[in-house]
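Report on the following structure.
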Amino acid sequence: MIISAASDYRAAAQRILPPFLFHYMDGGAYSEYTLRRNVEDLSEVALRQRILKNMSDLSLETTLFNEKLSMPVALGPVGLCGMYARRGEVQAAKAADAHGIPFTLSTVSVCPIEEVAPAIKRPMWFQLYVLRDRGFMRNALERAKAAGCSTLVFTVDMPTPGARYRDAHSGMSGPNAAMRRYLQAVTHPQWAWDVGLNGRPHDLGNISAYLGKPTGLEDYIGWLANNFDPSISWKDLEWIRDFWDGPMVIKGILDPEDARDAVRFGADGIVVSNHGGRQLDGVLSSACALPAIADAVKGDIAILADSGIRNGLDVVRMIALGADTVLLGRAFLYALATAGQAGVANLLNLIEKEMKVAMTLTGAKSISEITQDSLVQVLGKELPAALAPMAKGNAA
(Lines of atoms letter the chains of each structure in order from A and count residues from 1; the text may use other names and numbers.)
(Lines give C-alpha, C1' and ligand atoms only; values in the text may rest on other atoms or scores of the structure.)
Protein backbone atom coordinates (compact mmCIF):
# COMPACT_ATOMS: atom_id res chain seq x y z
CA MET A 1 0.00 0.00 0.00
CA ILE A 2 1.25 3.49 -0.87
CA ILE A 3 1.30 5.86 2.09
CA SER A 4 0.90 9.39 0.78
CA ALA A 5 -1.12 10.90 3.63
CA ALA A 6 -1.55 10.37 7.34
CA SER A 7 -5.04 8.97 6.73
CA ASP A 8 -3.56 6.04 4.78
CA TYR A 9 -2.13 4.61 7.99
CA ARG A 10 -5.59 3.97 9.44
CA ALA A 11 -6.57 1.67 6.57
CA ALA A 12 -3.24 -0.13 6.75
CA ALA A 13 -3.51 -0.61 10.52
CA GLN A 14 -7.00 -2.08 10.19
CA ARG A 15 -5.67 -4.80 7.88
CA ILE A 16 -2.72 -5.67 10.12
CA LEU A 17 -4.25 -5.61 13.59
CA PRO A 18 -6.59 -8.11 15.23
CA PRO A 19 -10.02 -6.44 15.47
CA PHE A 20 -9.95 -6.18 19.27
CA LEU A 21 -6.87 -3.96 19.08
CA PHE A 22 -7.91 -1.89 16.08
CA HIS A 23 -11.33 -1.06 17.50
CA TYR A 24 -9.90 -0.40 20.97
CA MET A 25 -7.88 2.51 19.57
CA ASP A 26 -10.30 3.51 16.82
CA GLY A 27 -13.51 3.53 18.84
CA GLY A 28 -15.13 5.97 21.22
CA ALA A 29 -17.77 6.12 23.92
CA TYR A 30 -21.44 5.24 23.47
CA SER A 31 -22.65 6.18 19.96
CA GLU A 32 -19.33 7.88 19.13
CA TYR A 33 -20.94 11.24 18.37
CA THR A 34 -18.12 13.20 20.00
CA LEU A 35 -15.53 11.01 18.30
CA ARG A 36 -16.94 12.04 14.93
CA ARG A 37 -17.43 15.69 15.87
CA ASN A 38 -13.79 15.99 16.89
CA VAL A 39 -12.76 15.38 13.30
CA GLU A 40 -15.71 17.04 11.57
CA ASP A 41 -15.65 20.29 13.57
CA LEU A 42 -11.94 20.67 12.98
CA SER A 43 -12.41 20.09 9.26
CA GLU A 44 -14.94 22.96 9.16
CA VAL A 45 -12.38 25.47 10.40
CA ALA A 46 -11.40 27.40 7.26
CA LEU A 47 -8.06 29.15 6.96
CA ARG A 48 -7.50 32.58 5.45
CA GLN A 49 -5.34 32.29 2.34
CA ARG A 50 -2.79 35.08 1.81
CA ILE A 51 -0.47 35.64 -1.15
CA LEU A 52 2.81 37.36 -2.09
CA LYS A 53 4.15 37.34 1.47
CA ASN A 54 7.76 36.23 0.79
CA MET A 55 7.66 32.97 2.73
CA SER A 56 11.28 31.98 2.10
CA ASP A 57 12.14 32.15 5.82
CA LEU A 58 9.59 29.85 7.42
CA SER A 59 10.09 28.15 10.78
CA LEU A 60 8.00 25.62 12.69
CA GLU A 61 10.18 25.73 15.79
CA THR A 62 8.68 26.66 19.13
CA THR A 63 9.47 26.50 22.85
CA LEU A 64 7.37 24.85 25.54
CA PHE A 65 8.32 24.47 29.20
CA ASN A 66 11.84 25.64 28.28
CA GLU A 67 12.11 22.81 25.74
CA LYS A 68 12.82 23.50 22.09
CA LEU A 69 10.44 21.67 19.74
CA SER A 70 11.03 21.32 16.00
CA MET A 71 7.29 21.88 15.56
CA PRO A 72 4.38 22.45 17.99
CA VAL A 73 3.56 18.75 18.23
CA ALA A 74 4.13 16.07 20.86
CA LEU A 75 3.17 12.42 20.94
CA GLY A 76 0.43 12.19 23.55
CA PRO A 77 -0.08 9.41 26.09
CA VAL A 78 -1.64 6.32 24.55
CA GLY A 79 -2.04 3.12 26.55
CA LEU A 80 -0.91 -0.30 25.33
CA CYS A 81 1.36 0.99 22.54
CA GLY A 82 3.42 -2.15 22.97
CA MET A 83 0.45 -4.20 21.80
CA TYR A 84 0.40 -2.37 18.46
CA ALA A 85 4.06 -2.83 17.55
CA ARG A 86 6.97 -4.74 19.07
CA ARG A 87 7.97 -2.72 22.17
CA GLY A 88 5.85 0.01 20.68
CA GLU A 89 6.51 2.70 23.26
CA VAL A 90 10.24 2.49 22.61
CA GLN A 91 9.76 2.69 18.84
CA ALA A 92 7.42 5.68 19.06
CA ALA A 93 9.71 7.46 21.53
CA LYS A 94 12.70 7.02 19.22
CA ALA A 95 10.78 8.48 16.29
CA ALA A 96 9.70 11.51 18.34
CA ASP A 97 13.21 11.99 19.70
CA ALA A 98 14.73 11.91 16.21
CA HIS A 99 12.23 14.53 15.04
CA GLY A 100 12.89 16.84 17.97
CA ILE A 101 9.53 16.60 19.73
CA PRO A 102 8.45 15.13 23.10
CA PHE A 103 7.07 11.65 23.68
CA THR A 104 4.60 11.07 26.52
CA LEU A 105 4.63 7.66 28.20
CA SER A 106 1.24 6.44 29.43
CA THR A 107 0.69 5.04 32.91
CA VAL A 108 -0.71 1.92 31.22
CA SER A 109 2.15 1.34 28.81
CA VAL A 110 3.50 -2.09 27.98
CA CYS A 111 7.11 -0.90 28.22
CA PRO A 112 7.96 0.50 31.67
CA ILE A 113 9.53 3.87 32.36
CA GLU A 114 12.93 2.27 32.88
CA GLU A 115 12.89 0.70 29.40
CA VAL A 116 11.78 3.75 27.44
CA ALA A 117 13.72 6.60 29.07
CA PRO A 118 17.24 5.24 28.34
CA ALA A 119 16.32 4.57 24.69
CA ILE A 120 16.12 8.29 23.83
CA LYS A 121 18.26 11.38 24.36
CA ARG A 122 15.44 13.82 25.00
CA PRO A 123 13.72 13.71 28.42
CA MET A 124 10.30 12.18 27.93
CA TRP A 125 7.04 13.26 29.49
CA PHE A 126 5.07 10.98 31.79
CA GLN A 127 1.29 10.71 32.07
CA LEU A 128 -0.43 9.74 35.31
CA TYR A 129 -4.06 8.95 36.14
CA VAL A 130 -5.86 9.86 39.34
CA LEU A 131 -6.17 6.47 41.06
CA ARG A 132 -7.42 5.16 44.38
CA ASP A 133 -4.07 3.51 45.01
CA ARG A 134 -2.03 6.55 46.04
CA GLY A 135 0.90 4.23 46.69
CA PHE A 136 1.05 3.42 43.00
CA MET A 137 0.84 7.09 42.08
CA ARG A 138 3.73 7.99 44.39
CA ASN A 139 5.77 5.02 43.15
CA ALA A 140 5.20 6.04 39.52
CA LEU A 141 6.14 9.66 40.24
CA GLU A 142 9.33 8.63 42.02
CA ARG A 143 10.33 6.36 39.15
CA ALA A 144 9.53 9.04 36.57
CA LYS A 145 11.71 11.56 38.41
CA ALA A 146 14.53 9.04 38.75
CA ALA A 147 14.36 8.34 35.00
CA GLY A 148 14.66 12.04 34.18
CA CYS A 149 11.12 12.66 32.90
CA SER A 150 10.74 16.40 32.42
CA THR A 151 6.99 17.01 32.39
CA LEU A 152 4.05 15.39 34.18
CA VAL A 153 0.80 15.11 32.24
CA PHE A 154 -1.96 14.53 34.77
CA THR A 155 -5.14 13.06 33.26
CA VAL A 156 -8.23 14.14 35.19
CA ASP A 157 -11.12 13.24 32.87
CA MET A 158 -11.30 9.59 33.90
CA PRO A 159 -12.85 9.43 37.38
CA THR A 160 -14.74 6.52 35.82
CA PRO A 161 -14.18 4.79 32.48
CA GLY A 162 -16.47 5.63 29.58
CA ALA A 163 -18.82 3.06 28.08
CA ARG A 164 -17.09 1.85 24.91
CA TYR A 165 -19.52 -0.41 23.13
CA ARG A 166 -17.10 -1.38 20.38
CA ASP A 167 -14.89 -3.15 22.92
CA ALA A 168 -17.61 -5.67 23.75
CA HIS A 169 -18.24 -6.38 20.08
CA SER A 170 -14.57 -6.67 19.13
CA GLY A 171 -13.39 -8.94 21.95
CA MET A 172 -11.47 -6.49 24.12
CA SER A 173 -14.18 -7.17 26.70
CA GLY A 174 -17.47 -9.05 26.83
CA PRO A 175 -18.32 -12.77 26.68
CA ASN A 176 -15.49 -15.18 25.85
CA ALA A 177 -13.17 -12.23 25.28
CA ALA A 178 -9.92 -14.14 25.83
CA MET A 179 -10.85 -16.86 23.34
CA ARG A 180 -12.02 -14.32 20.78
CA ARG A 181 -8.75 -12.41 21.08
CA TYR A 182 -6.75 -15.60 20.61
CA LEU A 183 -8.65 -16.56 17.45
CA GLN A 184 -8.18 -13.07 16.05
CA ALA A 185 -4.46 -13.13 16.79
CA VAL A 186 -3.78 -16.39 14.94
CA THR A 187 -5.63 -15.11 11.87
CA HIS A 188 -3.46 -11.97 11.69
CA PRO A 189 0.01 -13.46 11.11
CA GLN A 190 1.97 -10.23 10.68
CA TRP A 191 0.85 -8.97 14.08
CA ALA A 192 1.13 -12.42 15.66
CA TRP A 193 4.79 -12.70 14.64
CA ASP A 194 5.91 -9.13 15.25
CA VAL A 195 4.05 -8.44 18.47
CA GLY A 196 2.38 -11.63 19.67
CA LEU A 197 5.58 -13.69 19.68
CA ASN A 198 8.49 -11.25 19.46
CA GLY A 199 7.01 -8.35 21.41
CA ARG A 200 6.85 -10.09 24.75
CA PRO A 201 6.40 -9.54 27.63
CA HIS A 202 2.89 -8.16 27.13
CA ASP A 203 2.30 -7.13 30.70
CA LEU A 204 1.67 -3.57 31.82
CA GLY A 205 5.21 -2.60 32.72
CA ASN A 206 4.57 0.31 35.09
CA ILE A 207 1.88 -1.54 37.01
CA SER A 208 3.89 -4.77 37.14
CA ALA A 209 6.88 -2.88 38.56
CA TYR A 210 4.71 -1.67 41.42
CA LEU A 211 2.80 -4.88 42.11
CA GLY A 212 5.91 -7.04 41.79
CA LYS A 213 4.28 -9.51 39.42
CA PRO A 214 3.33 -9.65 35.73
CA THR A 215 0.14 -7.77 34.88
CA GLY A 216 -1.57 -9.07 31.75
CA LEU A 217 -4.47 -7.66 29.76
CA GLU A 218 -7.17 -9.22 31.95
CA ASP A 219 -5.39 -8.01 35.10
CA TYR A 220 -5.05 -4.55 33.57
CA ILE A 221 -8.76 -4.25 32.80
CA GLY A 222 -9.72 -5.34 36.31
CA TRP A 223 -7.07 -3.35 38.17
CA LEU A 224 -7.74 -0.14 36.31
CA ALA A 225 -11.52 -0.42 36.65
CA ASN A 226 -11.16 -0.86 40.41
CA ASN A 227 -8.74 2.03 40.80
CA PHE A 228 -10.45 4.96 39.13
CA ASP A 229 -11.38 7.46 41.81
CA PRO A 230 -14.64 9.45 41.37
CA SER A 231 -14.03 11.30 44.64
CA ILE A 232 -11.04 13.23 43.31
CA SER A 233 -10.97 17.02 43.69
CA TRP A 234 -8.43 19.81 43.20
CA LYS A 235 -7.42 19.47 46.83
CA ASP A 236 -6.34 15.87 46.20
CA LEU A 237 -3.81 17.11 43.64
CA GLU A 238 -1.96 19.38 46.05
CA TRP A 239 0.46 16.69 47.24
CA ILE A 240 1.36 15.93 43.63
CA ARG A 241 2.04 19.61 42.91
CA ASP A 242 4.28 19.68 45.99
CA PHE A 243 6.03 16.42 45.09
CA TRP A 244 6.62 17.08 41.39
CA ASP A 245 9.07 19.94 40.85
CA GLY A 246 8.88 19.98 37.04
CA PRO A 247 6.19 21.29 34.70
CA MET A 248 2.74 19.85 35.44
CA VAL A 249 0.01 19.71 32.81
CA ILE A 250 -3.67 19.03 33.56
CA LYS A 251 -5.21 16.97 30.76
CA GLY A 252 -8.96 16.81 30.16
CA ILE A 253 -10.12 20.46 30.22
CA LEU A 254 -13.22 21.44 28.22
CA ASP A 255 -14.64 24.34 30.24
CA PRO A 256 -13.16 27.83 30.70
CA GLU A 257 -13.86 27.79 34.44
CA ASP A 258 -11.90 24.55 34.83
CA ALA A 259 -9.08 26.19 32.89
CA ARG A 260 -9.14 29.12 35.32
CA ASP A 261 -9.07 26.64 38.22
CA ALA A 262 -5.96 25.07 36.70
CA VAL A 263 -4.29 28.48 36.65
CA ARG A 264 -5.27 29.10 40.28
CA PHE A 265 -3.99 25.64 41.20
CA GLY A 266 -0.58 26.47 39.80
CA ALA A 267 -0.47 24.12 36.82
CA ASP A 268 2.00 24.97 34.09
CA GLY A 269 -0.23 23.80 31.27
CA ILE A 270 -3.58 22.32 30.32
CA VAL A 271 -4.68 19.98 27.57
CA VAL A 272 -8.01 20.86 25.99
CA SER A 273 -9.26 17.34 25.45
CA ASN A 274 -12.30 15.08 25.56
CA HIS A 275 -10.08 11.99 25.67
CA GLY A 276 -10.50 11.46 21.94
CA GLY A 277 -14.25 10.97 22.37
CA ARG A 278 -13.64 7.96 24.59
CA GLN A 279 -15.22 9.23 27.81
CA LEU A 280 -18.47 11.24 27.72
CA ASP A 281 -20.28 11.17 24.40
CA GLY A 282 -22.06 14.40 23.52
CA VAL A 283 -19.54 16.85 25.00
CA LEU A 284 -17.99 19.60 22.90
CA SER A 285 -15.32 18.72 20.42
CA SER A 286 -11.90 20.07 21.35
CA ALA A 287 -12.03 22.44 18.36
CA CYS A 288 -15.28 23.95 19.65
CA ALA A 289 -14.14 24.15 23.27
CA LEU A 290 -10.70 25.62 22.58
CA PRO A 291 -11.50 29.25 21.58
CA ALA A 292 -13.41 30.09 24.77
CA ILE A 293 -10.71 28.49 26.90
CA ALA A 294 -8.02 30.42 25.05
CA ASP A 295 -9.95 33.65 25.64
CA ALA A 296 -10.06 32.84 29.35
CA VAL A 297 -6.47 31.81 30.10
CA LYS A 298 -4.20 32.51 27.09
CA GLY A 299 -0.96 33.95 28.41
CA ASP A 300 -1.54 32.67 31.94
CA ILE A 301 -0.85 29.02 31.21
CA ALA A 302 0.39 26.89 28.31
CA ILE A 303 -2.50 25.55 26.23
CA LEU A 304 -2.18 22.17 24.56
CA ALA A 305 -4.96 20.43 22.65
CA ASP A 306 -5.77 16.99 21.31
CA SER A 307 -8.71 14.98 19.92
CA GLY A 308 -9.44 14.91 16.20
CA ILE A 309 -6.00 15.92 14.91
CA ARG A 310 -5.10 13.77 11.94
CA ASN A 311 -2.68 15.84 9.82
CA GLY A 312 -0.56 18.96 9.61
CA LEU A 313 -3.45 21.12 8.48
CA ASP A 314 -5.31 20.16 11.66
CA VAL A 315 -2.28 21.22 13.70
CA VAL A 316 -2.35 24.67 12.10
CA ARG A 317 -6.10 24.91 12.72
CA MET A 318 -5.69 24.09 16.42
CA ILE A 319 -2.90 26.64 16.79
CA ALA A 320 -5.10 29.27 15.13
CA LEU A 321 -7.92 28.41 17.52
CA GLY A 322 -5.68 29.13 20.50
CA ALA A 323 -3.42 26.15 21.24
CA ASP A 324 0.31 26.54 21.80
CA THR A 325 1.06 22.90 21.00
CA VAL A 326 -0.95 19.82 20.07
CA LEU A 327 -0.79 16.19 21.13
CA LEU A 328 -1.16 13.35 18.64
CA GLY A 329 -2.97 10.16 19.66
CA ARG A 330 -4.67 7.88 17.17
CA ALA A 331 -2.75 9.41 14.26
CA PHE A 332 0.61 8.19 15.49
CA LEU A 333 -0.79 4.89 16.75
CA TYR A 334 -2.10 4.02 13.28
CA ALA A 335 1.38 4.67 11.88
CA LEU A 336 3.05 2.72 14.67
CA ALA A 337 0.83 -0.30 14.06
CA THR A 338 1.57 -0.16 10.34
CA ALA A 339 5.33 0.30 10.28
CA GLY A 340 6.71 0.79 13.78
CA GLN A 341 9.30 3.50 14.33
CA ALA A 342 9.66 4.12 10.59
CA GLY A 343 5.90 4.64 10.30
CA VAL A 344 5.82 7.23 13.09
CA ALA A 345 8.88 8.97 11.63
CA ASN A 346 7.20 9.17 8.23
CA LEU A 347 3.97 10.45 9.78
CA LEU A 348 5.85 13.26 11.51
CA ASN A 349 7.55 14.16 8.24
CA LEU A 350 4.15 14.26 6.53
CA ILE A 351 2.73 16.48 9.26
CA GLU A 352 5.71 18.83 9.02
CA LYS A 353 5.32 19.13 5.24
CA GLU A 354 1.57 19.72 5.55
CA MET A 355 2.16 22.42 8.15
CA LYS A 356 4.68 24.16 5.91
CA VAL A 357 2.23 24.20 3.01
CA ALA A 358 -0.57 25.58 5.21
CA MET A 359 1.67 28.23 6.75
CA THR A 360 3.08 29.28 3.38
CA LEU A 361 -0.41 29.75 1.94
CA THR A 362 -1.72 31.63 4.99
CA GLY A 363 1.27 33.94 5.26
CA ALA A 364 2.45 32.72 8.68
CA LYS A 365 6.25 32.63 8.79
CA SER A 366 6.38 31.36 12.37
CA ILE A 367 4.15 29.58 14.85
CA SER A 368 3.50 32.87 16.66
CA GLU A 369 2.00 34.27 13.44
CA ILE A 370 -0.69 31.57 13.35
CA THR A 371 -3.49 33.43 15.12
CA GLN A 372 -7.25 33.98 15.12
CA ASP A 373 -6.67 36.29 12.17
CA SER A 374 -5.71 33.18 10.18
CA LEU A 375 -9.34 32.00 10.25
CA VAL A 376 -12.30 32.80 8.02
CA GLN A 377 -15.92 31.78 7.88
CA VAL A 378 -16.68 28.65 5.92
CA LEU A 379 -18.21 29.60 2.58
CA GLY A 380 -21.85 30.46 3.14
CA LYS A 381 -21.99 28.44 6.35
CA GLU A 382 -21.76 29.43 9.97
CA LEU A 383 -18.96 27.87 11.94
CA PRO A 384 -19.89 25.83 15.01
CA ALA A 385 -21.22 28.18 17.68
CA ALA A 386 -18.06 28.21 19.77
CA LEU A 387 -15.99 29.17 16.73
CA ALA A 388 -18.27 31.79 15.20
CA PRO A 389 -17.05 34.80 17.25
CA MET A 390 -13.54 34.28 15.91
CA ALA A 391 -14.66 34.57 12.30
CA LYS A 392 -16.44 37.89 12.74
CA GLY A 393 -15.15 40.38 10.24
CA ASN A 394 -13.20 37.76 8.31
CA ALA A 395 -15.95 36.31 6.15
CA ALA A 396 -14.65 35.30 2.76
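Backbone N, Cα and C atoms are what each Cβ position is placed from, and that goes for glycine too.
From a predicted model like this one, the values you see are computed outputs, not experimental measurements.
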Task: Candidate sharing the substrate site with Tyr24, Tyr129, Arg164 (per Swiss-Prot), from Arg241, Arg260, Arg264, Arg278 - done: Arg278
Open item on the list: If I take the alpha carbons of Asp314 (FMN binding site) and His275 (active site, proton acceptor), what is the distance between them in whole Å?
Closed with: 17
TODO: Provide, as an integer number of angstrom, the distance between the C-alpha atoms of Val326 (FMN binding site) and Tyr24 (substrate binding site).
DONE: 22
Task: Cα separation, Tyr24 (substrate binding site) to Asp306 (FMN binding site) (Å, whole number) - done: 18
Open item on the list: Spatially, which candidate from the recorded positions Ser106, His275, Gly322, Arg330 is nearest to Tyr24 (substrate binding site), comparing Cα atoms?
Closed with: Arg330
- [ ] Note the mean pLDDT of the domain 'FMN hydroxy acid dehydrogenase' (1-380), expressed as a whole number.
- [x] 94
TODO: Based on Cα distances to Ser106 (FMN binding site), point out the closest of the recorded positions Tyr129, Arg164, His275, Arg278.
DONE: Tyr129
Task: Nearest of the binding-site residues (Arg310, Met318, Gly322, Arg330) to Arg278 (substrate binding site) - Cα to Cα - done: Arg330
